[in-house]
């Protein structure tokens, strides 16, 4: 069949061995189905790239949330029946394998794919097409008499009119855009009969003024399968419902806790200051505005410098006017940048993207603070706290460690009684910090800020190394010809700093890393933790004759990598489950917003009775049906599930009938949700036309 661009597509159907009968034996299911579906689909053993054919109803809805084009997927039997319609996308995945668009001729060097345990078919041996160019499960409900018939009403050109076309003519048929890679189990249950061979329905679609013809190979479901006609909420997945936090592992499994954490992040992101009471904070710095201090500002007459950078520093949250995104600004007070050659190192840092490192975006100088200041711009992670404030801000822990005089005859108490951290938490930190160091060192740079005060913690155990690149700019030596010559030395210092951080975590005290307390600290580690953790600390803190690498500690971590991977994937399951609970909320809210613009409108087009007549009256009664029902005793009947269910039925336009009673109870109107949807859409379009000046 030729289209306007003379693109040819031939679809030849074939039977899959073992699938002729209505019932499948275990042997044929194993040998034929799994071999042909998974091996053929993924390209192993198949000379052509196979894809899944998918039919989707094209709509004019926008990808961005708005009140104009937002609707639920219509599952109504009266329009698009998910059980009987051959165009439904519910049963299209894995339903058909078409010829690849990349290669129109067979590959003579590739051997023909034959399912395991099945004799070679003569028809396939004589065919010049690729393996499995036709649907694995042909449509059982279409006879050969309809092979060349154009399905009535199946043109998808309505959603692809020139008004919504992509402005250019595509090079290939639009069929690949309707293919999905999501398996649908409903397709696997469609039996194949001999009478269904050669059944085709020719579909057409217009894109950019070009009409394409293609074959509808969508299989029909097996009889007896019933799907909901509107959106409903399934229960929690069992692997999440019965998920239990492991011993000594951080808990990730409280939805209320996750919600509160997100709210706190939003609150911090949107926080602002009163400039009348904070006149020392400028309103704008370079391209950043809305500065908000993230830590107490140093007093104006402060002369002492920080122990980390040897300069007075301050930190702000600010919004970049170029992209309107929040960033973290680290200001170095009183620093005059005399040479811009250091920007070579800044450009190297800007290229590093890692999940355990705060990305450096730009460095600039400014006089907005009244002096020469150097400002580092980083990604902003709302709600983050430093490792120092999370674990080392308790004076009692330091005093307990320093005052305790244990020895060989008086060992320290077990860690559950000494307030020490769980070993699993320490290993989680080690995995993340070593991963960040590995990426930084591989790029030819050094972290140089492996310090508890410069390591951020978000959530339960997520670490990010902050303030990277600051030392490279502050200590830049313009007299050196090779500015990366000292990086190996700095990388060795990173490993020592990592060992100190791990030792401090094991002791739950910064006093443990002091030279006079090292022996007691190692005794504490050897008694309360595993030998692997002790050996890792000794390796990092001990001077070696050769240059060490962060990769050397990977064998010491060992299988604990799998523990962290398992915890990460479990957390992903929980977050996805929480997302599934909220995924429809935006659509329902926009539906209520549309309904609110219609109901009780005082006047429209100089008609004060507009909202009380015609289709608007039905929507008013439906609003009462949603929110104003009462019990037999006359008390308000409030049921959230009733509201959500009715809104979903309205959005889908199901054929179910409901009774709408007037407020005086003198009239009862029996309507369907599809009628209400028609009234709802036409009324809102009328309002939208008036708002845009079309009326």
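Placed from the backbone N, Cα and C atoms, the Cβ positions cover glycine too.
Heads up, TrEMBL stuff is auto-annotated, nobody curated it.
Per TrEMBL, the feature region 'Disordered' maps to 153-191.
For 330, 379, 380, 381, 382, 383, 384, 385, 386, 453, 454, the entry in TrEMBL reads ATP binding site.
Applying DSSP to the domain 'Pan3 C-terminal knob' (550-687) sorts its residues as follows: 89 helix, 14 strand, 35 coil. Sequence annotations record features per position, and here TrEMBL assigns domain 'Pan3 C-terminal knob' to 550-687.
Annotation source TrEMBL lists coiled coil at 559-597.
The annotation region 'Knob domain' is assigned in TrEMBL to 598-695. Per-residue pLDDT, averaged along the region 'Knob domain' (598-695), amounts to 90 for this model.
Within the set 330, 379, 380, 381, 382, 383, 384, 385, 386, 453, 454 that the record links to ATP, no two Cα atoms are more than 17 Å apart, and one pair reaches that distance. Neighbours of residue 454 (ATP binding site), defined as other CB atoms within 10 A of its CB across all chains, total 21. Counting only same-chain residues at least 6 apart in sequence, those with a Cβ under 8 Å from the Cβ of residue 386 (ATP binding site) are 452, 453, 454, 455, 456, 457, 466.
The Cβ neighbour count for residue 330 (ATP binding site), using a 10 Å radius and every protein chain shown, is 22. Listed in sequence order, the residues of the same chain lying 6 or more apart from residue 384 (ATP binding site) and placing their CB within less than 8 Å of its CB are 456, 457, 458, 464.
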